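Quick notes on the structure that follows.
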Amino acid sequence: MAQADIALIGLAVMGQNLILNMNDHGFVVCAFNRTVSKVDDFLAKEAKGTKVIGAKSLKDMVSKLKKPRRVILLVKAGQAVDDFIEKLVPLLDTGDIIIDGGNSEYRDTTRRCQDLKAKGILFVGSGVSGGEEGARYGPSLMPGGNKEAWPHIKTIFQAIAAKVGTGEPCCDWVGDEGAGHFVKMVHNGIEYGDMQLICEAYHLMKDVLGMRHEEMAQAFEDWNKTELDSFLIEITANILKFQDTDGKELLPKIRDSAGQKGTGKWTAISALEYGMPVTLIGEAVFARCLSSLKEERVQASRKLKGPKMVQLEGSKQAFLEDVRKALYASKIISYAQGFMLLRQAATEFGWTLNYGGIALMWRGGCIIRSVFLGKIKDAFERNPELQNLLLDDFFKSAVDDCQDSWRRVISTGVQAGIPMPCFTTALSFYDGYRHEMLPANLIQAQRDYFGAHTYELLSKPGEFIHTNWTGHGGSVSSSSYNA
C-alpha cells in the first residue's frame, strides 16, 4: 500500500539523521539500504517508535510510495549514484522524482538531469550541508535540476531545513541542472578558505604573540561576539580549550597534516576553467597539500633558515585586534571571489541564480554559517546586479576600516617568517582589483614578441595589433610559440 511521502536510500549516519528529521516534521519515510540488514537494525534501534517504514527491495520501496514518487539517494558520489538510478528507472513512472543528496560533481548532475528528462523522470541534485548534526536538526539544502520537481519537494525540504531570522528556511530552489551541486561545491571551497584563514590567525597568535591556549580560546570567544560571529570561530575556541585525559591541551598533539576530500580542489579547478581569480580558495587547498608533506618539512626545518626573531612593535592587545581585522578583511575577499565564480558559472551555463538567496541558504545549518552571510544577503537585496561584493557600500567601508590592520599583520608576519598564504593572497587580490592599470601590458608585449599573439591599444580597444619587435626590443624574432 502506498503510504510513504518519500524514500531515502543509504543508511549511513547522514541518511539516518535526515530520515529522523523528516519524521519529526510529520512525513512518512521509507528507508532502504543495499545491505538490507541495516534497514532492520535502523527500524529496531534509532527509528524505533517512529512512523518510518522499511523496504526489503527497491521494488518493495517503490510500491510503498505515494505519487509522484520521491526518492532521495544518499550514497557515495560517482558510480554508486548511476547504479541506483539505472535500477530505479524501470520501476518509476513519468513525473516521478529522484534526488541526489550526495557530494556529486556538478557536471554529473547535469548529465543525469538530461538523461532522465528524456525518460520522463525529474532529477534533482541537492547540496546538503551541516554534517550529521545538521542532517538531524536542520541542514542547509541547495536543490537544483529539473524545476518541475520543486513544487513536489519544496514542502518537505523547507520543513526540514535550518531556520534563521523569523523562521526563514535555509533552502530554496537554486537553478537548473547542476546549479545546486555547483553552489554546494563553492560552499565547500569557501569552507576551506575560512578554515585556513582561522589557522593563520592561530599561527600568528601562537608564534608572534606567544599566547597560551586559554588566551587564544578567550580571544576567539571574544571575536565570536563581533562581525566574525560564526560556527567555525565558535568551535575553534572550544578546540583550543579542549584537554586530553592527561589534563593537557589536545591540539598541540595532533599531527599537522590536513586531509581533504576534494571539493575544495574542485572549486579551484572550476575557477581556473572559467578564468576567475578565486585565489584564496586555491591557496587554502595548496596549504593543505603543503601540510601533508610532513616528513619533508621536518627535514627542511633542520636545514632552511628563517629570519631572526623580530620584536613586536606596540602592544600585544593592539596587534591581536589587527589580526582580527585582517581575518575579517580576508574573509570578505574570499566570499567576494566565491560569488564571482558563481556569477561566471551562471553566465557559462545560462543559470539564473539568486545570490542573496544563496547567502541566506548558507546563513544557517551549514559549516560556514555566520552572521556575516546576512550582510551578503542585504548587499544583493540592495543591488541584485551587484558585480562584486567589494563594490557594495557596506563591504567597501568594512575593508577600508580593516585595511591598515591588514597590512600591518602581513608585514609583521612576513618579517617573522610566518606562512600566511590566504592573508597575503587576499590582500594581493584586493590591491590588484583596485588598480586601474596592472603590468599585464608587459605580458601582452612579451607574448606578441615571442609568439605574435597580438595586443590591443588602450586607445583602440577591439583592434588587435602585431608588432615586429626585432631591432627595438632585442634580436629575438617572433615565433608561433604559445604561452
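Even glycines carry a Cβ here, placed using N, Cα and C.
Worth saying up front: this structure is predicted, and the values here are computed from it rather than measured.
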Site co-member for substrate according to Swiss-Prot, given Asn103, Ser129, Gly130, Gly131, His187, Asn188, Tyr192, Arg288, Arg447, His453, out of Lys154, Lys163, Lys261: Lys261
Pairwise Cα distance for His453 (substrate binding site)/Lys59 (N6-acetyllysine) [Å, integer]: 61
Neighbouring C-beta atoms (10 Å sphere around the C-beta of Val13 (NADP(+) binding site)): 12
DSSP three-state assignment for Tyr192 (substrate binding site): helix
Which of Lys38, Lys59, Lys184, His187, His453, all recorded positions, has a Cβ with the fewest other Cβ atoms inside 10 Å: Lys59
Mapped DSSP class for Ser129 (phosphoserine), helix or strand or coil: strand
Fewest other Cβ within 10 angstroms of its own Cβ, chosen from the recorded positions Ser57, Asn103: Ser57
